[in-house]
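Heads up: the structure comes next, in structure tokens.
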Amino acid sequence: MIFGSRRRIRGRWGGSGPLVRGLGTLGRALSLVWRRSLQLRVVTLTLGLSLAVILVLGFVLTSQITDRILEVKVKAATEEVERARNTVSGIVGGEESRSLESSLQLARNTLVDRKADVRADMAGAFDAVLVVPGDGPRAAAAAGPVAQIPEALRDFVKAGQVSYQYATVQTEGFSGPALIVGSPTTSSVPNLELYLIFPLNNEESTIALVRGTMATGGVVLLGLLAAIALVVARQIVQPVRSASRIAERFAEGHLTERMPVRGEDDMARLAVSFNDMAESLSRQIQQLEEFGNLQRRFTSDVSHELRTPLTTVRMAADLIYDHSEDLDPALRRSTELMVNELDRFETLLADLLEISRHDAGVAELSVESLDLRSTVRSALDNVGHLAADAGVELTLDMPEEDVIAEVDPRRVERILRNLIANAIDHAESKPVQIRMAADEDTVAVTVRDFGVGLRPGEEKLVFSRFWRSDPSRVRRSGGTGLGLAISIEDARLHQGRLEAWGEPGKGACFRLTLPLVRGHKVTTSPLPLKPASEQRPARRRSNKDREAAEESV
């Protein structure tokens, strides 16, 4: 039975899930609007402060008006009590033939029926109560609703004081709040107490009217303040919004956008300052574009101009190298060094030309649909001798099935060749892992070494041109310092990603992620960039891949 009750409770609360989620969504939407709208915050803050001021002012004014009305009422009631006391003294002590109850009733009727008196009209209508407490052999006597008189007030009157008190009374002709004024009398009847009950219905109506009028005026005033705040905030926010829109268009490349200048106030000075800043930025951007164009043109022109003399030098060097056996050992060694440096110089010129094409935006893809595994094997064939010279073991892990992708095989092979050669340079004779994996949309290749690694922040710098983490390290691959910079440009040309991870002493990992179909956007990668801490060298490659790698090495 208990478990059933719990299930019912959970079901009842579970039904409120959509409501809670809806309220959460609404709250987030309102919070977003609040954070993004300066005008809304200004108007809301103005209304909040105005409402607080109106409430405080209304409370103070209402309290003062109420106190003043009641003060006038108490004063008029006190004067009426003085007149009533004289009337009661004359009636009660006039004829001894009447009984005490008759005298008290006659005095009460006289007081109540005295409506023509102008002075009584100032205090308003009232009811009278006459009380004579019992004293020894004399019995107590009273006239009027004596039960409505508070005992605390009677105690003050018995002590000979004229006092008043607010109380809620219920008589034959009235029910509600009233002012009760009590006073002792000086008549032949000792200890005679006189009480006048003044209804406060007129005063209540007046106070309610005052409160209603002030509330209505406060609402109207609050609405006017809201309209004024909206107009003022709009006057302030409009130039800011205009500046924001123009800044966005300026960031999009519309360098001629400027803010309109109206008047000579603070907003006008803001517009002038903004326009001056935009003009300065536009001028600097144009200068940088001109410098960049000059730099790219210089790089391209120099690379082309150097090709002609380099070709001549290459022909002469090859001729000398072909007859190097006839030279003495020193000249033979010099010839070999010259040929090697010419090879490196030619590679540098080719890389500079490729960089200039990327900078000029004229690099194009020659897309083919092929099995990307063959491209990986081709890259291994080109750098296998480097691994053999450095004593580095290359492990390959690729899928058994074909991985068909629409890529430029020359550029992808160059990316992989640069990554593997870079890993061999920094592996410190430790293994280098090459892994490939694919999903429905993308294919990824990671190159992992366990060498010196990367310091924090260097995972971005490795793709900079001519950047080296350790200038004293010798490149086994004879690179130019532009390989990774060209590789990341080639990856972007495929709409792919080239990312790096590394830690000092733990090695580095480079991940290339490409779309299987040209034009698709890469959002995820089938391989992780940061390896798990317990990760060991990858599983052994297939027989076909092993044979291909062994042949290349």
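Going from the start of the chain as shown, residues are counted 1 onward.
Quick reminder: no glycine exception, Cβ is built from N, Cα and C everywhere.
Annotated in Swiss-Prot:
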COMPBIAS  544-553  compositional bias 'Basic and acidic residues'
DOMAIN    234-286  domain 'HAMP'
DOMAIN    301-518  domain 'Histidine kinase'
MOD_RES   His304  phosphohistidine
REGION    523-553  region 'Disordered'
TRANSMEM  42-62  transmembrane segment
TRANSMEM  213-233  transmembrane segment
| Can you tell me how the residues of the domain 'HAMP' (234-286) break down into helix, strand and coil by DSSP? | 39 helix, 0 strand, 14 coil
| task | Take the transmembrane segment (213-233) and find every residue of the same chain, 6 or more past its ends, with a Cβ under 8 Å from one of its Cβ atoms. | result | 38-39, 42-43, 46-47, 50-51, 54-55, 58, 61-62
| field | Other parts of the chain folded back onto the transmembrane segment (42-62), taken as Cβ under 8 Å at six or more residues beyond its ends | value | 207, 210-211, 214-215, 218, 221-222, 225-226, 229-230, 232-233, 236-237
| Taking DSSP three-state, what's the residue listed as 'phosphohistidine' in: helix, strand or coil? | helix
| request: For the residue listed as 'phosphohistidine', just count the other CB atoms lying within 10 A of its CB, please. | output: 13
